[in-house]
Structure formats: C-alpha cells, structure tokens
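Reading through the structure tokens given below for one structure.
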C-alpha cells in the first residue's frame, strides 16, 4: 500500500502544472507529461537516497510544512466558500449523501471509488503512530487535519457548483479552484507536503518491517539506527531500494494519477476494512466488552467501508490490481519464512538432548574441560540443543563453563532492563552449565557486543549469588522443569553483583569501604576480572568457588558456538511442502541477514557447525 500512495502523492502535484500549459489545450496536457514523469522520478530518487542519512534530514520539515499546507488549503477553501457559494455548508448533512446515491444509483456507487481519494493521504499521519503518542495524533487529526480537509473540499465544491461547464474535463481538480495569482506558490508548498508525507510512509514501512522481522514473520534484514538519541529512527537498505524501484516502476508505467489513484484508493480502503475487523477482536479480547457490541461496531463501520471497497474493486483492471498483486507476493514471502522458521524450531524441540543423557556423562561430560566460557546460541528455551551433543561426542575437550544463550523477541514493544535476563542451571551444580534467555521487545535496541557480554556474565554471577540451596538440586522427574530467575542488567540492578575488567589493576587494590571483592584470579593475566558485591551480602564457600571459576573462565575468553542449519523437507513430504521448504525458504534464508548478534561476534572466537534439518 505504501509505495502506491507514495508515488501518487508526487505525481498528482506535478499534474498541477497542466493549468499553466499554453492555451490550456489537450495537446499541451500530454506534452506536460514529458516534464511531470521525469521530475517526479528525480524527486523520488533524491528522497530515497536521503534515507541513508537518517529520517531527521527530512523529518525536521514535517511540522512546519504540514502546518503550512493545512493552513493553505483551509484558507483557499474558506475563500472559495464565501466567494462562490456560502450555502455549500449544507452538504455536510448525510441526507445529501443518501439523496445522491438514491438519484444516481449504480453510477453513484461506482463514483465512490473516486470519492475515496478524498481521504487517501490523511492516513499517512497514522503511519508514524510508533513515533508519537495516541493522544497527540487524536488532537492533531480532530482539531487540525479533519477541519482543514473539510474546508478544502467544501471550497472545491463551492467552486464547481458555479462552474458546471468547463472546456475540458482535465481542468476539474484542486488547482483549478486555486486563485490564479497564488497557484505557483501553492504548487511549491504541495510538493514539499508530498515529500514529508512520503517520508512518513517510508518511516512507517521501516518500523513495520522491523517489527515483523523481530516476530519471525519476515526475513531478517539489515537495520541501521541513524540516530543515537531517537531509537525509532532506523534505515533498512533492502527495503529502501526495493520501495524506490517499485515507486519508479509504477510512476513510469502508469504516467497518470487516475490509475495511481485507483491503486492507492483500493490499498487504503482495504487497510481500513481490515482494521475494522481487527478492532472488533480488540473490543472482545482486550477491552472485554460484549460480543454484541463488537458486532454492532463491525456492522456499522464495516458496511460503509465495504461499500467503498466494492466500488474500488471495479477499478481492478485500471490500476487497482497493483496493491493486490504486491500484497499476494509479500504475503507469500511472509508465509514461507514463518512456516520454515516454525518447522525448524519444531525440529529443535523434538531432537533436543535428554537431561538423563547428560547426567550419565558425569561432571566432566566425559571429556577434558578447558578454561574459558563456551557460549552456545540456541532457539530453545528449555532442554539441551542437539548441537551440544555433536560437540561432546566428536570433540576431545570443551569449556569449563557452558552457557546456552537464547535471544528471544517477545510480542511487546519494550522489555524492562530489570527483566532482561532469565537465568537458570542445567543439570547439577558441579556441571557448570547455565541457561540464559535474553528477552527483547520488537522496538528495543540491542546493545553492542561488549556491553551485552558484560551484562550476561553479571547476570550469571548474580544468579549464582542469589540461588537458594534447594534450587541447585536437579529435578529428575521432568527434563523440561528448569527453575529460571529473572535478572536485570548490571546498570538496572545496582544492588547486585558488578563486574570490573582492568588490565592494570594490582591484586592488592581495595575496592571500597562499602563494597568488597569476592574473589580474584590467582594468576597474572592480561585482563583481570573481578566481581563486586554489596558488603551486606553473605555468601558461602561453594558460591565463592563457583564465582572464582566463572571469573577465571571470563579472563580466559569466550568462544561463540553457532549452528549453521540446512533445512530440507523430509522424505514423503508433499510437492507443495518441498517447494516451500527446499526452494522458497532456502532461497530466503540464503539471501537474508543472519541474526543481529552474529554480526558483532569476533570471527576468531567463532565455531560454526553445520546441521541438516529434515522437517
């Protein structure tokens, strides 16, 4: 929907040049297209090229340009109302809508597709709902946008009521009702308004793609945060250039606002109709209102929108097919990606290692435990991933501390730093196996790798310190029953353990009067690591020993173990499943970005193991 409306915003402004063509004849109108199309394409290319530098390059113009544009069309509307037909205000009554449809019947119903264009563009304000509060948008729309649109269209109606007969139909439009002396300034303001309106849609598209990707409904893409102050300002190169190519293709292919308007109108009314249906679910599931109220809501608003929707479908062959075709393509991409990701996760769950197998190996796991921390990335939140058994059975040594790390995006905007980590123990205490689940909302910004590693180690140390003795006893009845503790980040948990890394600290240095050092590495190493806890904290010798081992492992370094999966449809699968998994999902996985944490992992400390998933 976004791109069809975006290029429609530009092209309709440049068609305003037609009123300045020599003699205002039809031939001059067609010649004007030679200027309109290249000019619109040039501005589109410039706008998309500017996205790399951040939305604030254009966003700072949003408020002054939009306010100027709304005041401009309001003033023109008021002028036309008083100058041409002051009684046009009577058209606000719904009676005239009923009278119009009753008189025109089928012709009036078919014209609703064009009338729909009067409201396309106003929904662009809601594209930035993630960057503004609901109250601010309600106030702006109710007291500024809506009155301005009403005055503007009333002014055009007043002008047209006195100008029924025109030389050519192409003159019927907004710019014809604008006084001739201010037409060029209004055109300039309109172009700026189209630029900032398009910027709102582009920014909204980036936000939606980011949230869909975080929820596993869209292939992973590169997300660049263009502002250190505003986390919502992001840039996605793949989406940006794809959107630009689609806009240019439609602009060059259609070359007029009629078919662009049909495409934009169907996209907008479809969004409204879907929103109404989803709103009925919100009334029942979220607001806990009666089903009868939800039915009344969807019947009242849905019947009106269905009327416009059916009128827009008539224009299917006149440009309205574009948003439908693109919707089907993107829906197929999202379905294939989500289906493949879900099947891959189900395979992980079904093939995870039993805790009884781990207990049978003993504390040493049947291999040599070397210094360091082994960080195994997995999508499982419980159990032992199958990749771990590959290491234990095929490698002669493994790290003294093993952490199963799972990074989860939860369906909420933000996760409080105080609830960032879920930390638990896998197996008995002497195994030194831990599970850590890092939770992020779909609008949270991930920290860089150094801060994340520090928070991760601190969360494990805090779990060791605060763990109750009875929780360290493994539960043999259920291998999925792991007690997890909520641990915040080091910056949010001021009363918990803090970690200090320094290469020049003398071993006899005193931490402070209100704090004391729990343990320190006995060897002289390049990077010293020490844990600092509040003085009031009481810990036993077992906890000190475990913290000392964790400290030594941190000083020795961390190794990142990643699993590289090859997903294939298992034998006996249907042809459709083989196409979806072997072709569709495999193509998307090969051409999509890896997880965000993979990009920041040092290659020298990474060990990647390939596995074939038969789903």
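We number each residue from 1, going along the chain as drawn.
Glycine is treated like the rest: Cβ placed from N, Cα and C.
Any TrEMBL annotation is an automated prediction that lacks curation.
Here is what TrEMBL says about this protein:
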- 34-359: domain 'K+ potassium transporter integral membrane' (DOMAIN)
- 372-614: domain 'K+ potassium transporter C-terminal' (DOMAIN)
- 35-54: transmembrane segment (TRANSMEM)
- 60-86: transmembrane segment (TRANSMEM)
- 107-127: transmembrane segment (TRANSMEM)
- 139-161: transmembrane segment (TRANSMEM)
- 182-202: transmembrane segment (TRANSMEM)
- 234-254: transmembrane segment (TRANSMEM)
- 266-285: transmembrane segment (TRANSMEM)
- 291-309: transmembrane segment (TRANSMEM)
- 321-340: transmembrane segment (TRANSMEM)
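Packing against the transmembrane segment (266-285) from elsewhere in the chain are residues 1, 4-5, 113, 116, 119-120, 123, 291, 293-295, 297-298, 301-302, 305-306, 308-309, 312-313, 315-316, 320, 323-324, 327: each is 6 or more residues past its ends and has a CB under 8 Å from a CB in it. Counting Cβ pairs closer than 8 Å to the transmembrane segment (182-202), the top stretch among 35-54, 139-161, 234-254, 321-340 is 35-54. Tertiary neighbourhood of the transmembrane segment (60-86): same-chain residues 144-145, 147-159, 161-162, 177-179, 186, 189-190, 192-193, 195-197, 199-200, selected by CB-CB distance under 8 Å and a gap of 6+ residues from either end. Along the domain 'K+ potassium transporter C-terminal' (372-614), the predicted structure has mean pLDDT 72.
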